[in-house]
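Annotation comment: TrEMBL describes 561-571 as compositional bias 'Basic and acidic residues'. Feature annotation from TrEMBL assigns domain 'Phorbol-ester/DAG-type' to 58-107, 123-176. Annotation source TrEMBL lists domain 'DAGKc' at 214-355. Per TrEMBL, the feature region 'Disordered' maps to 548-571. Look at TrEMBL and you will find 21-41 tagged as transmembrane segment.
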Amino acid sequence: MEGVERNSSIFSPRPFQEWSLAFWTLCSVMVPVLITLWCSFRRSRRQELMQDILRKSKHNWQDTDLFSQPTYCCICSLHILQGAFCNCCGLCVDEECLKKADRRFLCKEIIMRGESGFRTSMVHQWIRGNVPLCSYCVVCKQQCGTQPKLCDYRCVWCQQTVHDECMQSSLKNGTCELGEFRSLIIPPYYLFNVSQMRKDKRVDYGKLAASCEKNWTPLIILANTRSGNNMGETLLGQFKMLLNPIQIFELTKTTPAKALQLCTWLPCNSARVLVCGGDGTVGWVLDAIDDMKIKGQERYIPQVAILPLGTGNDLSNTLGWGAGYAGEIPVEQILRNVMDADGIKLDRWKVQVTNKGYYNLRKLKVFTMNNYFSTGPDALMALNFHTHREKSPSLFSSRIINKAVYFFYGTKDCLVQECKDLNKKIELELDGERIDLPSLEGIIVLNIAYWGGGCRLWEGMGDELYPPARHDDGLLEVVGVNGSFHCAQIQVKLANPIRLGQAHTVRLILKNSKMPMQVDGEPWAQGPCTVTITHKTHALMLYHSGEQTDDDDVSSISEQELAKDQTDEDT
C-alpha cells in the first residue's frame, strides 16, 4: 500500500499545473511582442513600397498622416484622413489608389508634348475635387467645394474653379490663359517652341515671347530649405502649385549657377529671381550672377527679389521685403509683390585681406560684400555663434533660439571686453586720409541702411541730422562702437554710434594682434593684416515699397526736416 501511495504522488497533477502556468505566462508575454514586431515589419514594408511608388511616379507625391481640411480621394471618391497629395497639381489620393492615380491622371507638364510646329496656347488641365476653400465658380460666381463629397473642378494652371453642373464642353476644352500670374509663368508651350527652335539651330526669343503675356517677366524661384525656420519645403510645394515646376529650384540639390542657366532660355533682360533664404543665400545667388557676366551672358542677367527666411535679413529689410517671413503672408501675395516691385541697383564691394605669412610672404583673401564688414564685438558674437552652430547645427533651427544665443554672447562680452583698446591696435584710412580714432572697441563699414537685425545704424537718433545711407551711391558709411552694451543701446535707440565718415575706399591696418572679423555674417579670427574695401560691381535688385517700418518713417521725416532747413538757409 505504501508503494502504491508513493507512485500516485509521483503522478500527481501539481507539476503539470506549474508547467501549464509557465506556458501561458510565456504566451501572454510573447504574443504581444510578436504582434508588435509583425506590425512594425508590415509598417516598414508598407513604407518601403510607398517610397518606391513615390520615387517612380511622375507626380511629386507628398505623403501625410492628416490632411488639413476635408479631403476626398480622386480615384475612389471616399473621404480620407491620411494618404498622399501632389505638390504640383494638387491631386489627393488614398494609399491604395496611388498606382491607379499614376496611370489615370497626368501631372503638370513642364514642357508641352507634340509634333513639330509653333504653339501659342494650351487647354485647361482640370482636376476634380478638393478645390481650395473660399473658391468661386468661374461661370455662376457661387462658392465651390461646399458639398461633403468629391465635387467640382480646378485647373492646375490658371487655378479657376467650376461646379460640376456648370462645366460646359466649351469650358472643358477651352484655352487656358494661365490666370492671375501668367506674367510670371513659363508656359509649357514656350519651352516646347524653344526646344524645337534649338533643334533647328535658330533661336529668336523675341518671336517666342510674342506668344506670351505682353509684359512677360518670368520668375525663377531659388529656395534654401536650410534657412531660418525650415519653411522652404512648404514654400516649394505652394509655388509649384501656382507656377511651372521647372521654375522652382531647391538650392540644397541644385546650385544657383546651374539653376540660373534657365535665364538663357528666356528673352534678354526679362527674367526675375526670387531668393527664399537669408542674406548669405542672397550673396550666393549674386555671386553666381557675377559668374554669368564673366561667361558673356550679361544680357540674360535677372533682377533679384528676396523672401527673407534667415536670422538677420538686413539686406531684405533695406530693400523693403521685411525682416523675416514666418508664413503670415500667403504665397499669392508674395507673387503679387514681386510683380509690383521696382528695379534698383545695389553696390557690391570687394574686401581684400592681405596678411603676413611665414618669412614675410603675403597671403591674400578676397570676399564680396553686400551688407557690411566689421571688426570688434559684433564680429566676435558672430564668430562664437558660427563655431557652436557648426558643432551642433540641429540646435540652431529656430530664429528665437538664434537670437537668444546672440544675446548670451553679447552679455558675456560686456563682462570680458575682449576687443577693448581697438583704436590702439588698428589704423583707419578713408579715401587715403588717415582718421584719428577715439577710444572704441569695434569698427563697422556699412553698405546698406540696416545692421544688426533691423537697426538703422548710420542715421542714429536724436536731433543730429545725417544724410541717409544709400545702397547705390558708391559710398561706404564707417562707424565705431564702444562694446556690446553700446551696440545694444544703439539697437533700442538709446545711443548713437561714433560716426567716422563716408568714403569710396576704406583701408584698415591691424598691427600686432588678433581680432575677430566678419563680412556679411561670415566670421573668422584674423591676425595682423591690411583690409582694403573697394567698389566691385552693381547688382540688379527689386525693391518692394508696399510696406514701411517705423524706422522708415523716422528716416523720411529726417529727410524732410533736412530739406526744410536747407530751404530756409537759401531764403
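Keep in mind that glycine also has a Cβ here, set from the backbone N, Cα and C atoms.
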*Could you break down the residues of the domain 'DAGKc' (214-355) into DSSP helix, strand and coil, giving a count for each?*
58 helix, 34 strand, 50 coil
*DSSP helix, strand and coil counts for the domain 'Phorbol-ester/DAG-type' (123-176)?*
4 helix, 13 strand, 37 coil
*Restricting attention to the domain 'Phorbol-ester/DAG-type' (123-176), give the mean pLDDT.*
90
